[in-house]
Amino acid sequence: MPLAFCGTENHSAAYRVDQGVLNNGCFVDALNVVPHVFLLFITFPILFIGWGSQSSKVHIHHSTWLHFPGHNLRWILTFILLFVLVCEIAEGILSDGVTESRHLHLYMPAGMAFMAAITSVVYYHNIETSNFPKLLIALLIYWTLAFITKTIKFVKFYDHAIGFSQLRFCLTGLLVILYGMLLLVEVNVIRVRRYIFFKTPREVKPPEDLQDLGVRFLQPFVNLLSKGTYWWMNAFIKTAHKKPIDLRAIAKLPIAMRALTNYQRLCVAFDAQARKDTQSPQGARAIWRALCHAFGRRLILSSTFRILADLLGFAGPLCIFGIVDHLGKENHVFQPKTQFLGVYFVSSQEFLGNAYVLAVLLFLALLLQRTFLQASYYVAIETGINLRGAIQTKIYNKIMHMSTSNLSMGEMTAGQICNLVAIDTNQLMWFFFLCPNLWTMPVQIIVGVILLYYILGVSALIGAAVIILLAPVQYFVATKLSQAQRTTLEHSNERLKQTNEMLRGMKLLKLYAWESIFCSRVEVTRRKEMTSLRAFAVYTSISIFMNTAIPIAAVLITFVGHVSFFKESDLSPSVAFASLSLFHILVTPLFLLSSVVRSTVKALVSVQKLSEFLSSAEIREEQCAPREPAPQGQAGKYQAVPLKVVNRKRPAREEVRDLLGPLQRLAPSMDGDADNFCVQIIGGFFTWTPDGIPTLSNITIRIPRGQLTMIVGQVGCGKSSLLLATLGEMQKVSGAVFWNSNLPDSEGEDPSSPERETAAGSDIRSRGPVAYASQKPWLLNATVEENITFESPFNKQRYKMVIEACSLQPDIDILPHGDQTQIGERGINLSGGQRQRISVARALYQQTNVVFLDDPFSALDVHLSDHLMQAGILELLRDDKRTVVLVTHKLQYLPHADWIIAMKDGTIQREGTLKDFQRSECQLFEHWKTLMNRQDQELEKETVMERKASEPSQGLPRAMSSRDGLLLDEEEEEEEAAESEEDDNLSSVLHQRAKIPWRACTKYLSSAGILLLSLLVFSQLLKHMVLVAIDYWLAKWTDSALVLSPAARNCSLSQECDLDQSVYAMVFTLLCSLGIVLCLVTSVTVEWTGLKVAKRLHRSLLNRIILAPMRFFETTPLGSILNRFSSDCNTIDQHIPSTLECLSRSTLLCVSALTVISYVTPVFLVALLPLAVVCYFIQKYFRVASRDLQQLDDTTQLPLVSHFAETVEGLTTIRAFRYEARFQQKLLEYTDSNNIASLFLTAANRWLEVCMEYIGACVVLIAAATSISNSLHRELSAGLVGLGLTYALMVSNYLNWMVRNLADMEIQLGAVKRIHALLKTEAESYEGLLAPSLIPKNWPDQGKIQIQNLSVRYDSSLKPVLKHVNTLISPGQKIGICGRTGSGKSSFSLAFFRMVDMFEGRIIIDGIDIAKLPLHTLRSRLSIILQDPVLFSGTIRFNLDPEKKCSDSTLWEALEIAQLKLVVKALPGGLDAIITEGGENFSQGQRQLFCLARAFVRKTSIFIMDEATASIDMATENILQKVVMTAFADRTVVTIAHRVHTILSADLVMVLKRGAILEFDKPETLLSQKDSVFASFVRADK
């Protein structure tokens, strides 16, 4: 065919120049080529030489660090320019196709312009990244020339009467506007940067974020193209495939996205709302307004992107309609009408009537639609993440000011706060993600219905009505689904609570043979949970069924109705497949409706919770007395502490309405020697609850400065409450508290240090920091060293002194990593005594002037207590003139006290020195003296020295105790430490990256059973085959409608043709009905499969764990086991079934679509291969990165929630130390770490979806082009073209979901893998050699114990802890066992219950070798009380007698023996009174007494007490000892002594050392031997 730039026709007007060259169209087109050629020739050398790639003087880790003015506008204009140029090229090709010869000038200039536009943006990007703006002069010239030449062309078109009816005229006008705007952008860069025409160019600094090498999240800084396509993630995804992603890889957040920045933005919004709404500044409405004020703009941007994406989504059906309609016509060639300038220009209608043009437009619309959609998702999620971080920071700041009483027994619990942080903030985040749907869904529905009506007419309203009318049903199902989920969550929480209790008390359960009771208790709750899960599965399957069946039903009703009621209008392929695509679009927002409504309701509830939390009571500063000395004496040196609790919901009490006056009146009334006192309380009444009875009444005390003050009293008299009241943690009803303002806050610490500030910033308290060690040790999940130093500067000498004073060095030596060992959450890897000593060590290490110690000796034996008292409290603190307040039951230390405060029933019984008590409180003093039974100080020091001298080696290492008090001897320390390091090394987390866990997948599916699995596979395959058959039949049916006349259809009568149509409709109806039924079958099958697997795996796991040996629980972290029952079971219960359904559906839909396209156009297979290779590598790289980022998102959320939990639990300690600001800084770090992981995960998901959807768009383009080509050559019907295009769009929609679901399934199958790993745990051997019939029912009835050559170890790989022990215990004897830590005392007691490996020797009880007994029989016939009290949530009756074997009288008798009868009678419900989880509503001593009562209930002939009275005061302990001796006079009692004096009345005393019996005789005999070890113990305990 002839080819020339201006054409080859001799008569062509293109060569005429008689009216001037500018009136020659070909010349004007040639003139338009000049600017483009100029740019290409100028820029290519610069790009290749490397001007644009040179880096700036500021060296940073990536290049895109600077944006010139108008950066985004330039990119937007360039994209529009490229689109218009593509249209111009296409228009030129179509216009040129009319004539025989080819006119290159119609499309070649546009092609050159397209190349130049791409070159311009590449050139600009390189100039921008190199920060060399002077080179932009080339673009300035180019835009000027292009604008001028294109303007000339536009004017000449107008002169030759070429107007809006010709598309070329419209495109030229748009190009003039675009070139002009780009020229203005370039001029604006000159104006701002002044790189030419000005003497002094304006320097621009790089963004502050990018000067920090740690900022690697580049989304805010890259150019617009990279932002839209997430191109910058390519390098990150590629790197992630080579090495694991960790926090160092994702580094820091940009400043604008950090929690502190967003928190400040939120605070500004809250302040603005507070000024507007003074009545309820923390109300729900005010919170919503503040959130919208702070984050609303980004939400509007996301909504704009979403609306644009939804509107562009309708391009697919419209283009399908146009393409199929064009191919369905007989004549595909339009006839030319009029020529202008020697050529013919097509109109817009002719342009849009071309199938190839529509295919290209469909491709571009899909690209743009997917880009806008992903941009909307990203902006919404980013906004939600920023909002979440801001709210979490605000919650934390509120916690720092909350009343302790409100946390401990008020409206807000620690669990509720953690839920607020972990759940409610996420609810708000996801609401912001779904929020744009609230206003985009109506737009999508309205436009969809209008287009359906335009294409189908009235019959379209039938199908639309079906979809819309079923929306309330969907909402109803979604509501029921939400209710079922909520009920499931309640039962799940109850089950986890019971499981947690069961695991924490596993040692007690095994010792008491209660495993089956608590296992049944968990199974009962699990059955309730499974009932809820079945309801959840039913509604989920209905929801899935409706999602898949409604489009089929709508299409069926619409099309059958169309041919039935509108017989004059046939169902053409263009109408059918365009309508089919529109129905799929229309269904989407209605599916989302239920999710959006649920999310909105949840967000409203969450904001209400947040409002209640933010409005809760706070501790606020009272007005303080002036710091200057008052005119009268030195009274002004005392200031009020911040004790006032402000409740924003209630008016302040009248008694504390104005405390400034009373305080100023009270302050001068102090004695003149006020400077000698640290703190003084006058007439104080304190309570825990706002309206409760005062816990402390009429408190008037003075704590001397620089001296040791001891607070003593019986259990529950208010000693700990007094400390907390002094620290300002209780609600003060009346009275005043004064702190000496001249007290230095700490030694060597600048009082103006910013670290001393509280989290509130401006709310600085007058009291200085107080080193506080609570009765219940509070530890961080950090190293031992970090817990002791507590973020204070490390002082090696002082650190060693503190370690020595607390006797921690032996314990540190056996830890896997010494003092760098992570101690676990709540110090779970340590024993009670170790936790207590680390807590005390923290208080000793701090250089504060005031130290409060709340019962630090409770979990320590006599030697540790004496050493701590002497080396720690006396030498480190008192001798250093620091004020020490010590709460204790150890009355033998009273002579060391400078000041004593005696409490009774919440009041001060007496305060003074010990001599004061001797003079004025003779009876009380004599009582103390009896309890103390002390000898003079010189003898005590002498015996201590003798004891130290008698030790074979000083500092003998003690074995590390487990959380249940397990004691190992020193010989196994090395081995145990090595094993601990190998099995549970919390100090270093090994990042393992596995491939797709196919084995776990096989185990999951095989757990469902062969029948259910077969049904699942068969129904899924059959369903998708039927769905393809429906659409294929529709193509055949609509193709038949293209034959216009009955004759052409080979029908003699019109009735026959109607019959033909009815056959098509009938078959279509049958196929659709079968498809709907199969949708129901598959949805039910997949959910029931998930239920069966969940039920089977949980039952297997529970049975395996409950039967596991105690060694398993001692070497496996409790949190790890609990996670299997919580998160992993939840994943299997609720997530895997839905993910499995989505994965199978999306995969089979993609396979079906590709199969149909390949069938329609086999040549598509050629293009499919490279696309498949690209998809494979994308999914391969994405899965690895997604798995790492998902795990990182989860692992960074755990420390965040744990930090909140730690803060709530240790709030008193944090506020006492004045460490609010430090902990808030940690919170910001944890929040930012979690947010950066979430943002990278979001960006990775967007990267995947953009890649896969762009590939999907390529599939659509290739499928469209090949289908059109085949159809034009009469090789393909229009119906099959429509079928192929519809399925091509389906690939575009489901390709990314397939990869996403595959990645999700890979992560979720990890739960199955972990559970199966636990199922391999070996169970204890519960079976015995003796048949139950051979064991007497009342065995053991005498209590005779024979121990013959007994050797015991904890594991076959470890060395013995008891060696060749031989002894005889006669019936009814009372045996006392003592020895140093690690001597084997507890191992001796555990041997009776076969809790340890008795590899040699035997124990014979009443003539029966216990090794031959079934474990349950043995353990149920003995009784033991452990050192650590264990109580379970439930009634007192359940805790005493879970087997329900005893009468009420027996239970009351046991309570009376344990000194608890009066306490329980005072409770509402008596024996049915509720004990909270862990017995938190009782004191430590009372919990231990309940455990004693529980043992008394069993009434066995052998009774073992393992340091059972450690947490009880001496008076109560003495009473109990007498009661035990009386109540168990005829029983054998083995007592392991914590306080040696408690076994002085025993018949025999056994002293153990290194697992062997050192001494065994009557206590009188051993005491008479001055060199006996027992005698030295007694002297030290006095």
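Glycine is treated like the rest: Cβ placed from N, Cα and C.
Look at S1483 (ATP binding site): DSSP puts it in coil. According to Swiss-Prot, the feature ATP binding site maps to W688, G716, S720, S721, S1483, an assignment based on similarity to another entry.
The compositional bias 'Basic and acidic residues' annotation in Swiss-Prot covers 939-950.
Taken together, the residues of the domain 'ABC transporter 1' (679-930) have an average pLDDT of 80. The domain 'ABC transporter 1' annotation in Swiss-Prot covers 679-930.
According to Swiss-Prot, the feature domain 'ABC transmembrane type-1 2' maps to 1013-1307, an assignment based on sequence analysis.
For 741-766 (among others), the entry in Swiss-Prot reads region 'Disordered'.
The region 'Disordered' feature in Swiss-Prot is assigned to 939-962 (among others).
Positions annotated as topological domain 'Extracellular' by Swiss-Prot, on the basis of a curator's inference: 1-30 (among others).
The topological domain 'Cytoplasmic' feature in Swiss-Prot is assigned to 48-72 (among others).
The topological domain 'Extracellular' annotation in Swiss-Prot covers 90-106 (among others).
Marked as topological domain 'Cytoplasmic' by Swiss-Prot: 124-136 (among others).
Among the features that Swiss-Prot reports, topological domain 'Extracellular' is placed at 154-169 (among others), with the record citing a curator's inference.
For the topological domain 'Cytoplasmic' (187-303), the DSSP counts in helix, strand and coil order read 71 helix, 2 strand, 44 coil. Under the heading topological domain 'Cytoplasmic', Swiss-Prot lists 187-303 (among others), citing a curator's inference as support.
The topological domain 'Extracellular' annotation in Swiss-Prot covers 320-356 (among others).
Marked as topological domain 'Cytoplasmic' by Swiss-Prot on the basis of a curator's inference: 373-438 (among others).
Taken from Swiss-Prot, the feature topological domain 'Extracellular' applies to 558-576 (among others).
Feature annotation from Swiss-Prot assigns topological domain 'Cytoplasmic' to 593-1013 (among others); the stated evidence is a curator's inference.
Residues within less than 8 Å, Cβ to Cβ, of S721 (ATP binding site) and separated from it by at least 6 positions along the same chain comprise F686, W688, T695, L696, M730, G906. Distant neighbours of the transmembrane segment (1068-1084): 540-542, 544-545, 548-549, 552-553, 555-556, 559-560, 1015-1016, 1019-1020, 1022-1023, 1026-1027, 1029-1030, 1033-1034, 1037, 1141; these residues of the same chain sit at least 6 beyond its ends, with a Cβ under 8 Å from one of its Cβ atoms. Helix, strand and coil counts under DSSP for the topological domain 'Cytoplasmic' (124-136) come to 11 helix, 0 strand, 2 coil. Of the residues the record lists as binding ATP, namely W688, G716, S720, S721, S1483, the two whose Cα atoms sit farthest apart are 15 Å from each other. For W688 (ATP binding site), the number of other Cβ atoms no farther than 10 Å from its own Cβ, over all displayed protein chains, is 22.
Of the chain residues outside the ATP site list W688, G716, S720, S721, S1483, T695, G718, K719 have their Cβ within 8 Å of the site's Cβ mean position. Highest Cβ contact count with the transmembrane segment (304-319) among the listed stretches 31-47, 137-153, 461-473, 577-592 falls to 577-592 (criterion: pairs under 8 Å).
Sparsest Cβ environment among the binding-site residues S720, S1483 (other Cβ atoms counted within 10 Å): S1483. Here the transmembrane segment (107-123) has Cβ contacts under 8 Å with residues 5, 29-30, 32-33, 35-37, 39-40, 43-44, 46-47, 52, 74-75, 78, 81-82, 85-86, 88-89, 91-93, 96, 138-139, 142, 146, 175, 225 of the same chain, all six or more residues outside its ends. Contact count against the transmembrane segment (461-473) (Cβ pairs under 8 Å) is highest for 577-592, out of 31-47, 73-89, 357-372, 577-592. If you count C-beta pairs under 8 angstroms between the transmembrane segment (73-89) and each of 31-47, 357-372, 577-592, the highest count goes to 357-372. Between the transmembrane segment (137-153) and the listed ranges 31-47, 170-186, 577-592, the one holding the most Cβ pairs under 8 Å is 31-47. Neighbour list (G716 (ATP binding site), Cβ cut-off 8 Å, at least 6 residues apart, same chain): S1483, G1485, Q1486.
Sorting each residue of the topological domain 'Extracellular' (154-169) by its DSSP state yields 9 helix, 0 strand, 7 coil.
Secondary structure of the topological domain 'Cytoplasmic' (1085-1143) per DSSP (helix as H, G, I; strand as E, B; remaining residues coil): 54 helix, 0 strand, 5 coil.
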